[in-house]
Amino acid sequence: MDVTRLLLATLLVFLCFFTVYSHLPPEEKLRDDRSLRSNSSVNLLDFPSVSIVALNKKSKHISRKEAEKKRSSKKEASMKKVARPRTPLSAPCVATRDSCKPPAPACCDPCASCQCRFFRSACSCRVLSLNC
C-alpha cells in the first residue's frame, strides 16, 4: 500500500512539473548578431537616437524659475475664475452642515446644496464643488 502511494505521489509531481513546463514559452537561443538582425521584426535604425545632456546649475535654476512662473500664472488664472459676485444673504437661511429638511429655507452658502439621505429623513447643507 505504501509503495502505491509513493508511486502515485511521484506520478503527481511529474504531472505537475510537465504541466508547468509545457506552458512556459520556449527560449530562443541566438548565436550571433546576424541571427538577431534576421529575427527582429523592427529595424533599430528606424528610431531616432537619444542624446543625454547634463544640466548645469544655471539651467536648473532657470527651469525652477520658469516652473514657478507657470505655477503662479495658473494660480492667478484660477483665482480670476473663482472670483464672482455673490448674492446678498437673506436672513432666513440654513448654515453649512445644518439640517435643511424640505420645509426649511435654502442654504446660506451659494455653493452649498441640500443633500438628503435615508429617504429624506436626514438632510444637511453641503458644499459639493470645491471650485465654487
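Backbone N, Cα and C define each Cβ position, glycine as well.
Copied over from Swiss-Prot:
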type     : residues      : note
SIGNAL   : 1-22          : signal peptide
CARBOHYD : Asn39         : N-linked glycosylation site
REGION   : 61-87         : region 'Disordered'
COMPBIAS : 64-79         : compositional bias 'Basic and acidic residues'
DISULFID : Cys93-Cys108  : disulfide bond
DOMAIN   : 93-132        : domain 'Agouti'
DISULFID : Cys100-Cys114 : disulfide bond
DISULFID : Cys107-Cys125 : disulfide bond
DISULFID : Cys111-Cys132 : disulfide bond
DISULFID : Cys116-Cys123 : disulfide bond
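Positions of the features from Swiss-Prot, shown on the structure.
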residue: Cys93; record: disulfide bond; DSSP (3 states): coil
residue: Cys100; record: disulfide bond; DSSP (3 states): coil
residue: Cys107; record: disulfide bond; DSSP (3 states): strand
residue: Cys114; record: disulfide bond; DSSP (3 states): strand
residue: Cys123; record: disulfide bond; DSSP (3 states): strand
residue: Cys132; record: disulfide bond; DSSP (3 states): coil
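Of all Cβ atoms in the protein chains displayed, 23 besides its own lie within 10 Å of the Cβ of Cys100 (disulfide bond). Using DSSP to sort the residues of the compositional bias 'Basic and acidic residues' (64-79) gives these counts of helix, strand and coil: 16 helix, 0 strand, 0 coil. The number of other CB atoms found within 10 A of the CB of Cys116 (disulfide bond), across every protein chain shown, is 13.
Summary: among the disulfide-bonded residues (Cys93, Cys108, Cys132), the fewest other C-beta atoms within 10 A of the C-beta are counted at Cys132. Here the Cβ of Cys111 (disulfide bond) has 14 other Cβ atoms within 10 Å, regardless of which shown protein chain they belong to. Cα-Cα distance from Cys116 (disulfide bond) to Cys93 (disulfide bond): 17 Å (rounded to the nearest whole number). Of all the disulfide-bonded residues given, namely Cys93, Cys123, Cys132, those whose Cα is no farther than the 10 Å limit from the Cα of Cys114 (disulfide bond) are Cys123.
Taking the Cα atom of each, Cys108 (disulfide bond) and Cys125 (disulfide bond) are about 9 angstrom apart.
With Cys125 (disulfide bond) as the anchor, the candidate disulfide-bonded residues are Cys93, Cys100, Cys111, Cys132, and the one with the nearest CA is Cys100.
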